Structures are given as structure tokens and as C-alpha cells.
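Take a look at the structure below.
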Amino acid sequence: MISIQNLTFYYGCNPILKDLNLTIQNNSWVSIVGHNGSGKSTLAKILVGLLSCTKGQILIDNIVLNEKNLPLLRPKIGMVFQNPDYQFTGLTVREDIAFGLENHNVCREEIIAKVWQYAKMVKIDDLLDTNVNQLSGGQKQRVAIASILAMEPEIIIFDEVTSFLDPQGALEVQKIIQTIKNKILITITHDLEFAAKSDEIIVLDQGKLITQTPPQNLFQDPLFLQQYKLNPPLSLELYYEILKDSTTKNIKNNQMLENLKDILWQYNLKK
């Protein structure tokens, strides 16, 4: 479990995160959303130990995340970054996935097994002997995900991992993330269509926590989405248009609207 308590972070004199309090349960998937500058990526960097908070604290399994405890906690946390290119140094896919395992003194037989297991999981097992630099952006992100999964962390953070990908590559990466189980998953994204599939959505605005709630609750409030410049999933836009203009369309039956919302919501989750 991750417990964030009164977390504040300053960059120079500027507060980037302001008194955050939130809890992320084990084996849950949360999406962090908010417009640019809301503090999403800063929070991610603090969680993996790349930055230290100015005030407050983070507890991971009741252990304070600080410089002293970082060697103990770092193996529990993996992160896939926004731009996959800078993570690679001309290795083959096989070598890249094995790289972290070799640095952790894992035996050769186990390395071979894990490389195959996670390459197959992310559908790059036919590319194991290909130089990573020859891959597409989506394939590189799948290699990055396999490399993190092979380390078997308890927490994985995905920081805008589809933002540089074409629509097809983004969809493939999103589908892979949805298959990962028995871990804390944190996806930082602008894509509410994708965030809607997570267990909870955390909304940040100007460094402040606005809400932490199941997606269904968030999307029931069009005014809230409008206030924080969040676009609803495309599959729910019809519901909002009808809700906004229900008197003109002579839809008086609230239960009909609720049924429509439920149908569209289930459609979104199954996509």
C-alpha cells in the first residue's frame, strides 16, 4: 500500500505539489489525470526516488520513502517513461530485458526463462534478437514494459507512455497494461478513455488533489469535467449531449438516461 501524507514539493520558490493526502491500495490500478503543470510527473518522480519531497512523507508498505530506505524500497518500484528512446543503448530486445536481471545476480537459467515469459506476454517474443533501435515507438515501449515486468516490482508507474505513439501503437500498449495483475499500477495519462478502465482516478490541478474516486463517479458530473478541462470518454459523449439537452429532446425519464449511461459505460470498459 502507498500512503502519501501532507506531501509538498517546491521547485525553487514555486510549489509544484501542495499538501497531498491520498492512499493507493495493493493490487489496484489508479490513473492520475490533470492538465499540463498539475504535478503528475513530479509525483511519479518522487514515488520512484528521483526527487525528494520538501515536506510530508510517503510510506510504502509502512516504510518511509527516504534516502536511508531507498535501497530497500527501490526494487519494489518500476517506472516506464514517456519517451522510450533514451532508455536503450543499442542492445537487442533479449539483452535489454535481461540487463536489469544480470545486474541483480539472477542465475542464467532464470534470466532466460523470464526474458521469454515477459517478451511473450507483451508480444515481442518474435523480436528477441532484433536491435531495439530498429523498432517502432510502440515496440520500444513494449520492450520497456517487459524489462520492468522481468524485475517483478510490486508497483509500476507508467508516465504518459503512449503520448509519443501513433493511435495503433498506443492502443497496443494500453491493452498490455490492462493485462498486468497483482500489482499496484499507476498510469499518468491525458487519455480519459483509457483512465476510465482503472479502479480509481486521481485528479490533480495546480499541484492540489481535487478528487480520488472510481471513474463512474467522476463521469457522472459533466460540470466537474468541464471545470478541470477533462474530456469524457468518447463512448460517453452521447450521454452527456442528451443530458445537456434533455428538455429539447423531450427525454423526461431519468431511468432511461441512467440505463443509457450504464450501456455506454459498459461499452467503454469492454473496448
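Quick reminder: no glycine exception, Cβ is built from N, Cα and C everywhere.
Marked as ATP binding site by Swiss-Prot on the basis of sequence analysis: Gly34, His35, Asn36, Gly37, Ser38, Gly39, Lys40, Ser41. As annotated by Swiss-Prot, domain 'ABC transporter' applies to 2-231.
Annotated features taken from Swiss-Prot, shown on the structure.
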| residue | record | Cβ neighbours (10 Å) |
| --- | --- | --- |
| Gly34 | ATP binding site | 23 |
| His35 | ATP binding site | 13 |
| Asn36 | ATP binding site | 7 |
| Gly37 | ATP binding site | 13 |
| Ser38 | ATP binding site | 21 |
| Gly39 | ATP binding site | 23 |
| Lys40 | ATP binding site | 25 |
| Ser41 | ATP binding site | 19 |
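Mean pLDDT across the domain 'ABC transporter' (2-231) comes to 89 in this model. Within 8 Å of the Cβ centroid of the ATP site, not counting the listed residues Gly34, His35, Asn36, Gly37, Ser38, Gly39, Lys40, Ser41, the chain contributes Leu204, Asp205.
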